[in-house]
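Asks: Structure incoming, see below.
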Amino acid sequence: MRFWFVLLALLGKEIYAYENERNALNATAANKVCGLSTYLKGIAHRVNSESAVVTEKLSDLKMRSIQLQLSVMRNRVPSGEQDCKDIRTLLKTVLRNEFTFQQELEEMRNASALAAAAAGLAAGRLEEWIFVFAQAAGRSSQFCISVGKTGPAEYNNLQECFDGTIGPETLYKIEDSRVKESAKTSLQLHEVLSSISFGSLGVKNIRGGNGKDGCNLVRTDTDGVLEGGSPTRHNLTWGGGVMNFGSYQNGSMYVEGGEYGDATEYGAVRWTEDPSKVSIFKDVIRLFARFQEAKNAVVKKIKTTVDELTKCIGQKEAELTNDQLYEEFIWETINRLELSKRVSEQSAFGEEEETIVKFNYTAEPVRGPFTVAGANAAAIHLSVSTAALCRSALLLGVL
């Protein structure tokens, strides 16, 4: 942003043209560009929201795993399911998968951070462009964004760009409701990008003004922003490659569709035909696709594992709330561990008959005064940790 303020300062007294045939950017195109900028900022909210859904699915998997273990301890695994015959192997696989899924979840979060960062950078480039053009306005014949009249566009003509009087403080921020709402739209990235293409906008919505608008920011001739223009060095681009100018463009802005590399002729003006080829959008497309791929992969794996678990869970265990499940599981585990200890001690004295009886125990355990509903946050956290430790112990030989 500092660069553009310096540019404006340097061009301040000569930023407007002194000859005719100087057109401005149409406010319609400016608003479309700002709409894209808002959508790109919203990608941060979008990836955070989608990541939270995956985290919730992983938590659900852990609960299904506990339900299954409780069903096993109470001999309530559906006997008719062929896939439930080798429960021990299934549980080990689930625990191993949980660890793998947690790693994949972290990789997905890293991908989401990169996608959000790339989108934020692209959004910044776009809004800096429109901000500079909106600020470059003086008398009725000197402005760089036009609304089809003899005067510059005001903030009410650029409501997709500014939330009030034109200025850096009124650009939409990432925490604004407008940006958050954009994250909820069903529009996909490629659809929003295509909305600013030359084919979507057309010349009439890009080239504004009446030919006497005096905008020097669309000139690359010797009197424009690139003084002493050279046909090999002094091409100009705005928006990171959205609007491109060849050397010696006098401001007439006879725009055609094309990319930065196509603006090679004298006086050429090319507005992107394919935004996916614009450099600032390439990283957004690539990194957002990587995030989506990582998200979809881990969601699919979690769903497959949950489906395998669900068909082996007893009906009563499936009906428990999460709080009830933790309480039941903890007390059942404590009871089983105590029982295993007693059996081990008795076995040392040859009490084989009692050992058999104990190992076939299926009664509900006697519970103490503990209830999750009445516990404080620290106790709940401790119970979750205890449950995780007990699950490992069960798989090591208690079951």
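Using the three backbone atoms N, Cα and C, a Cβ is placed for every residue, glycine included.
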Asks: Looking at the disulfide bonds in Swiss-Prot, identify which of Cys34, Cys84, Cys312 pairs up with Cys161.
Replies: Cys34
Asks: Given the recorded positions Asn26, Cys161, Asn235, Asn250, Cys312, find the one whose Cα is closest in space to the Cα of Cys144 (disulfide bond).
Replies: Asn26
Asks: Could you check which of these recorded positions, Cys34, Asn110, Cys161, Asn250, sit within 10 Å of Cys312 (disulfide bond), going Cα to Cα?
Replies: none
Asks: Using C-alpha atoms only, work out the spacing between Cys215 (disulfide bond) and Cys84 (disulfide bond) and round it to an integer in Å.
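Replies: Cα to Cα, Cys215 (disulfide bond) and Cys84 (disulfide bond) are separated by 75 Å.
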Asks: Return the count of C-beta atoms lying within 10 angstroms of the C-beta of Asn250 (N-linked glycosylation site), excluding that atom itself.
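Replies: Around the Cβ of Asn250 (N-linked glycosylation site), 20 other Cβ atoms lie within 10 Å.
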Asks: Three-state secondary structure of Cys215 (disulfide bond) from DSSP?
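Replies: In three-state terms, Cys215 (disulfide bond) counts as strand.
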